[in-house]
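Reading through the structure tokens given below for one structure.
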């Protein structure tokens, strides 16, 4: 079993890198890869950089150079469900772009022509993430839709527009759909697991800066718990 784990920022990968044994680091086109063993599991950790282009480029390099069995995207997100609070965990069932609009030609909002309207996460990975979350005391986890766009969601009008397009939306962030799109095209199983650093809206920028470290810690804890579950289940 070879795991690939992607985070956009240093804060989102630092804890996992510090836990890696036999870590070998490589930089390709600005993407930082760390290869080793994470709690006994062969793993490659990628710090991709922020945004969809960086995420897509990094994921492509990751899959082409390292050939992992599956991809986990970890990090922070902004919450959309009223029941969610900062620090809560969101596990993807589906992922969608919230800033793609080709509806003039009959496509669903968020759909890239020639590709699915939404990208479904691997069911076995989702189940492993849910079991892993249940082992973490004091953390709420939900499973559902995550949406991606190249903008930070602190504009209330934009928040309401996106909520109108995707009423069931759990969280928003800036890389997941790009990672999912590349994984789908490569035929590589994926799941997105994010911890909330903010609740999308006017004060989200302040909250993000204040709680990024907490969100990164919770998300990393879920990744490690998930790898433990998968090792036991012989994924």
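Placed from the backbone N, Cα and C atoms, the Cβ positions cover glycine too.
Feature annotations, courtesy of Swiss-Prot:
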- 12: active site, proton acceptor (ACT_SITE)
- 78, 153, 174, 175: substrate binding site (BINDING)
- 198: active site, proton donor (ACT_SITE)
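Annotated features taken from Swiss-Prot, shown on the structure.
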| residue | record | CB count, 10 Å |
| --- | --- | --- |
| 12 | active site, proton acceptor | 29 |
| 78 | substrate binding site | 26 |
| 153 | substrate binding site | 25 |
| 174 | substrate binding site | 23 |
| 175 | substrate binding site | 31 |
| 198 | active site, proton donor | 25 |
Helix, strand or coil by DSSP: which one applies to residue 78 (substrate binding site)?
strand
Residue 174 (substrate binding site) to residue 12 (active site, proton acceptor) - Cα separation in whole Å:
13
Of the recorded positions listed here (12, 78, 153, 175), which is spatially closest to residue 198 (active site, proton donor) when Cα positions are compared?
78
Report, in whole Å, the straight Cα-to-Cα distance of residue 153 (substrate binding site) from residue 12 (active site, proton acceptor).
19
I want to verify one value. Collapsing DSSP to three states, which class is residue 174 (substrate binding site)?
coil
Just report the maximum Cα pair distance in Å for the recorded substrate binders 78, 153, 174, 175, no decimals.
13
8 Å Cβ shell about 78, 153, 174, 175 centroid, substrate site members excluded:
77, 148, 149, 151, 152, 172, 173
DSSP three-state assignment for residue 198 (active site, proton donor):
strand
